[in-house]
């Protein structure tokens, strides 16, 4: 039994929004979140930990947009979180 | 979880799975054989894998490397100012690769590959110019990250396949979450095919879950290191590891161009390593500008594999500044180095010196789990295919799905017989054709793969593809120990009695695979 098409996203734009939010936004947030740790923890240790945790966090963030009804809301959220992390990093 | 999300994640799992399936199948299949890299190389070259007890630098010879280099210099090879790489080849010989000399006046200064072999009376050694034999272990190793697709692009492709594999694992777990336990005990071997595939897919996927998760993660780690790099730009300075070993300073003795008569560089350096690292065994040495005062050296090896999980040791030393430029000291491993060490050991199924049989037992478990993963991938594609083979589906869509299924199976399943063929051919190539080995093996493997995949594609019958690839692979696989026995005299019983376990295990592996495949073919029943 394939997934019931009645529940699947029909708009291609919505699909595009969710996939890009997951891949690009997810990567950006994952990277920035790890970068924030650079401020307080041993730098090499953070870098080395990131070699695997980056992908775990990214996978989770790749999954998250598909819980949203509207993919663009998710984009907005991801942008907001990225900005927040950037401000933590550089302010 | 509500219906909406369930269906969405089901869809995500299906789509990611289908997109990466063929690439992932190739990775796991080639990777399964890469687990036996050392054994394949020993098998092809008729060598003994020996962990000799270290009595000297490499545990190979009683002559120190500086003496060998001096001898080389006196026999007409230019050594001074040269960059070179030396590694242990087998129990009695060293492989040396000399890079082209920067000094244009140097005699015999071109790039050279040498084999330095200890003679029987143990006090002398012979030097032979060679061309490194291209072996299948290398072909499979490179294939398991698609290096043949033009190097780095293939490497990144493998990395992204790994990453999306991780994603597919997570979505798969979400989709199966509710029925994970109850479905685990479901076994319906006499139901219709699609049910068997679904059961196999979920149960074997469940059994292989930790294994697959580990490979998805370490695969992404190794191939997508590039994505971590931006973090480095946010680093103001890098911190070097604490030095934990003492190096004998030989700078004084090391500035004279007439080095060939007096100077010892490598030997004392390795000696000082040995006092700091107990039971240190050198695996390879890389020297830049030998004999020059700006020389530097990198030594890689292992320490006391029996007692510890961290055993890989590496040190880089700069003679000009008398400083250790980088070090991975297994006895005092920093967190940063240990992450890589753990990931590497898990990925390569190397858990230290656990004894010959435990070692091979682990490798075979890894091998079986890899093949199980291949099976999970194939059943996934088959489920996808049959689930869409409905009467009410659009004709065009059905055609397309069918084509995808046929092509995917043709590419994936032909890999098995072509692997068996490549090993047989590799053994049949005569010594005189060593230089052409790479060409021949690549043509046989990739050309044969393409041709057979095309053949099964045009045949358009998945049952036929499955049956005949299994049969061909099984029969050719059974030929492997035979060909090896006839050509090299290394019959299974003989390698076992000679304690040449590397070759023994590889032959037995193929005997097992071959027997099982042929057995499976006779148990096949056609069903729609």
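Cβ coordinates come from backbone N, Cα and C, glycine included.
Annotations in TrEMBL come from automatic prediction, not curation.
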Residues flagged as transmembrane segment in TrEMBL, choosing from B:125-143, B:144-162, B:163-181, B:182-200: B:163-181
Listed range which TrEMBL flags as transmembrane segment, given the options B:342-363, B:364-385: B:364-385
Transmembrane segment according to TrEMBL, located in which of B:94-120, B:202-228, B:229-255: B:202-228
Dominant neighbour of the transmembrane segment (B:406-428) in B:12-36, B:202-228, B:364-385, B:470-489, B:501-522, by Cβ pairs under 8 Å: B:470-489
Stretch contact, the transmembrane segment (B:12-36) with the transmembrane segment (B:364-385), Cβ-Cβ under 8 Å, 3+ pairs: yes
